[in-house]
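Student: I grabbed these lines from Swiss-Prot:
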DISULFID  Cys95-Cys187  disulfide bond
CARBOHYD  Asn17  N-linked glycosylation site
TOPO_DOM  1-23  topological domain 'Extracellular'
TOPO_DOM  48-55  topological domain 'Cytoplasmic'
TOPO_DOM  78-98  topological domain 'Extracellular'
TOPO_DOM  119-137  topological domain 'Cytoplasmic'
TOPO_DOM  157-193  topological domain 'Extracellular'
TOPO_DOM  218-234  topological domain 'Cytoplasmic'
TOPO_DOM  258-270  topological domain 'Extracellular'
TOPO_DOM  291-320  topological domain 'Cytoplasmic'
TRANSMEM  24-47  transmembrane segment
TRANSMEM  56-77  transmembrane segment
TRANSMEM  99-118  transmembrane segment
TRANSMEM  138-156  transmembrane segment
TRANSMEM  194-217  transmembrane segment
TRANSMEM  235-257  transmembrane segment
TRANSMEM  271-290  transmembrane segment
Amino acid sequence: MEMRNTTPDFILLGLFNHTRAHQVLFMMVLSIVLTSLFGNSLMILLIHWDHRLHTPMYFLLSQLSLMDMMLVSTTVPKMAADYLTGSKAISRAGCGVQIFFLPTLGGGECFLLAAMAYDRYAAVCHPLRYPTLMSWQLCLRMTMSCWLLGAADGLLQAVVTLSFPYCGAHEIDHFFCETPVLVRLACADTSVFENAMYICCVLMLLVPFSLILSSYGLILAAVLHMRSTEARKKAFATCSSHVAVVGLFYGAAIFTYMRPKSHRSTNHDKVVSAFYTMFTPLLNPLIYSVKNSEVKGALKRWLGTCVNIKHQQNEAHRSR
């Protein structure tokens, strides 16, 4: 009789090997990840430090930065530690943690981007009613809903995925535990779960995406009816950053989770997963800081404050 689950750990084959080219690539990825963590941390700091950014729009942006930081922290530290130490094992509990947080953060970000699109719709199409249409109470409810819906999906995936038997097939050809990759190793019929997961992914991607498209369709119609060129420019400026982030996130997510099995390959999965877990979190703060004058203004004021504090400390030190 075949023994099941005799090995408690899984083996992550990783993203890199120890060739010279991959060592350079690893250092580049590590630099990108550290820059991503710094950029998102700075975005959160600026939003909470500058009272001019204490609006629902920037609160939602701070939640996006928090999700991106957590997404990077869920996968990269383990990948880097495995590469540096040569140990590729990950426990079932560790695998479960990654399986839980990835859908939690990815799914939460789907809904959060829809909430941000509604915020822009209210600001552009109904500026006089914006405080009512996007009250702080509604903003907090929407934020909590994004986290809870993502967490419900993550918990379901983690529990069901780890409940399958793995009869000695413990090598995961990936750099983190991801449900679609892991269920391929199960020595049980996973077709029902895979179909249910596919439907769930389609709903979690397409429902928010449809809301985003509807919001921007209404925004575009409102902008085209604006007589003032300056008002049009301001409306496009306030929405362009969000549109760019939506395009990056949904492009990678749809390519990853909505492709037929016949078009899947391990190498493609790794590349796309690296894009949305490492590169997208880097690009988000860059997009918002480059395109948003209010964020750039907050950064200048914060740097000015830091310089003044340093100058005062030096003056106090000299006077002693």
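Heads up, the Cβ atoms here are built off N, Cα and C, so glycines get one too.
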Student: At 10 angstroms around each C-beta, which of the disulfide-bonded residues Cys95, Cys187 has the fewest other C-beta atoms nearby?
Tutor: Cys187
Student: Which listed range (24-47, 138-156, 235-257) shows the maximal number of Cβ pairs under 8 Å with respect to the transmembrane segment (194-217)?
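Tutor: The stretch I would name here is 235-257.
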Student: By DSSP assignment, list the helix, strand and coil residue numbers for the topological domain 'Cytoplasmic' (48-55), in that order.
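Tutor: Split into helix, strand and coil, the topological domain 'Cytoplasmic' (48-55) gives 5 helix, 0 strand, 3 coil.
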Student: Write out how many residues of the topological domain 'Cytoplasmic' (218-234) are helix, how many strand and how many coil, based on DSSP.
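Tutor: So the topological domain 'Cytoplasmic' (218-234) is made up of 13 helix, 0 strand, 4 coil.
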Student: For the topological domain 'Extracellular' (78-98), give me same-chain residues lying six or more residues beyond its boundaries with a C-beta closer than 8 angstroms to one of its C-beta atoms, as numbers and ranges.
Tutor: 8-16, 26, 30, 158, 161-162, 175-178, 182
Student: May I ask for the residues of the chain that lie six or more residues beyond the transmembrane segment (271-290) and have a Cβ under 8 Å from a Cβ within it?
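Tutor: For the transmembrane segment (271-290), the far contacts come to 15, 29, 32-33, 35-36, 39-40, 42-43, 61, 64-65, 68-69, 71-72, 74-76, 102, 106, 174-176, 178, 241, 244-245, 248-249, 252-253, 255-256, 296, 299.
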Student: Measure from the CA atom of Asn17 (N-linked glycosylation site) to the CA atom of Cys187 (disulfide bond) and give the result in Å, rounded to a whole number.
Tutor: 28
Student: What's the number of neighbouring CB atoms sitting within 10 A of the CB on Asn17 (N-linked glycosylation site)?
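Tutor: I get 11 for this one.
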Student: Quick one: pull the CA-CA distance for Cys95 (disulfide bond) versus Asn17 (N-linked glycosylation site), whole Å only.
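Tutor: Cα to Cα, Cys95 (disulfide bond) and Asn17 (N-linked glycosylation site) are separated by 21 Å.
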Student: Using Cβ atoms and a strict cutoff of less than 8 Å, what residues sit near the topological domain 'Extracellular' (157-193) while being 6 or more residues removed from its termini?
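Tutor: Residues packing against the topological domain 'Extracellular' (157-193) from afar: 2-7, 9-15, 74-75, 78-79, 90, 92, 94-100, 102-103, 257, 266, 269-270, 273-274, 277.
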